[in-house]
């Protein structure tokens, strides 16, 4: 199994070509001189220049960023608590309903989530703006966080927590000193997932935002409806670049943390 | 005590912002459209006490649901959403399975890189990934330019704003959801099972159909649900890549709400969509639970 057969090589090559060629084309044509996006007319960075001067886009980007930071942080706290309760909480009243509410938003069509939250906000008289988008994003992304964190909690050696409790830790201390450091990589990737889900969301934000708060996806969507434009290509390229750098950094950091953890475990095994 | 608080906080949050809103949608779907703010009647008024509540319930009716069955548009949109979702799920499975299979067979040191390459598009904006295809598939787009240049066709193909473009868009954007669960079930598979089957006289194809496919079934099921369920209510792809002939219920709901401002009908559309989705969602949850239990 050390080498790939020709069939596997072909499917991997075609598969990754399919996944990446559209984005590569988009990036190349963001440096196009011409306003006609599909005709190459020479290298230029002028669309990036125009983008930086476009106040509407900058405002929307700022709103999006604030919403993403707040909602992903809240979602991480709530989602980690939910995962802990589901994996370690034992039996409690309404557990089935609770786990149902955790899994359902993962596959719920966004139009339904958006519509139902909007009707709730109007029903209780909450003005639509940044706050309502944050509440909406927190609700659906906490479920993603909880799935990521609970998959780590399931594989986690419970005797470590028990040892801490035997040695005199309170349950809170045991969680803070033992459980949290071990599940930390999953909590961090949960936060990153919640953050990107929030940055990315168009449908739920469209329902729950008011005229005072337009997010970047809403702005992009209304521009893109009119057709392909070089400015949107430039904006997309910037967003792809940020995500790529972020994901690669995050995966290197978690890889290093996991290696250190493994070394620590080996060292501990030796001293025994 | 502490445990109760820990359970209560996420529980109450989800009750208030996930479950209660559904009951509001249900209630408004039974109301009538009105020229008011909010644009529906009746609204619940507690100040009148018991008679107010009784009045409120007596004014609710199924009129909007009757309307959904009378107008062709709605049931055609439901049917065509389900059809598009089924076809695109099968297409995604056909494209995704060989990739997942090849990843699971790759040397161990390459697998994290392949994983990253599959996950990376998933982190990039969904909207941008759909938008990228608009430039490729349009009449003057890159695909037509390439095909005209190579002489395969002499007149540009119309792909953008057709259902074909919608299928391409769905397969492209949902592919990671199909690859990852299949890959994780294939990766866990014991390779010696295939060797044993071949030793016992199976051909390679037989071993694949009799052993690999059944063992990767939980992954296939999870992947298919993860693609099919959200695609039924998809909005972005049909509205950017589809044309006037592309009927999908997510788009209908959006237009009912934002263009027609008919909240009761939009709510009724949402309620029926949810009823359609209940069966696959329950099946999906059962599949997930079985898998988690198997892992524990």
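Even glycines carry a Cβ here, placed using N, Cα and C.
What TrEMBL says about a protein is an automatic prediction, not a curated fact.
Quick caveat, the model's predicted, so the values are computed rather than measured.
Residues or ranges marked as transmembrane segment in TrEMBL: B:12-30 (among others). Long-range neighbours of the transmembrane segment (B:12-30) within the same chain, counting only residues 6 or more positions beyond its ends whose Cβ lies under 8 Å from a Cβ of the stretch, are 40, 60-62, 64-65, 263-264, 267-268, 270-271, 274.
Only residues 6 or more beyond the boundaries of the transmembrane segment (B:77-102), in the same chain, are considered here, and those with a CB under 8 A from a CB of the stretch are 118, 163, 166-167, 170-171, 174-175, 177-180, 182-183, 186, 212, 216, 219-220, 223-224, 227-228, 231-234, 246-252, 272-273, 276. Under the heading transmembrane segment, TrEMBL lists B:77-102 (among others).
The domain 'ABC transmembrane type-1' feature in TrEMBL is assigned to B:78-284.
Among the features that TrEMBL reports, transmembrane segment is placed at B:114-136 (among others).
Within the same chain, residues 84, 87-88, 91-93, 95-97, 99-101, 103-104, 115, 118-119, 121-122, 126, 129-130, 133, 137, 159, 212, 215-220, 222-224, 226-227, 230-231, 234, 237, 240-241 sit at least 6 positions outside the transmembrane segment (B:167-186) and bring their C-beta atoms closer than 8 Å to a C-beta of that stretch. Summarising the annotation, TrEMBL assigns transmembrane segment to B:167-186 (among others).
Under the heading transmembrane segment, TrEMBL lists B:206-228 (among others). Same-chain residues lying 6+ beyond the ends of the transmembrane segment (B:206-228) with a Cβ under 8 Å from its Cβ atoms: 85-86, 88-89, 92-93, 96-97, 100-101, 170, 174, 177-186, 189, 193-194, 197-198, 280, 283-284, 287-288, 290-291.
Sequence annotations record features per position, and here TrEMBL assigns transmembrane segment to B:266-284 (among others).
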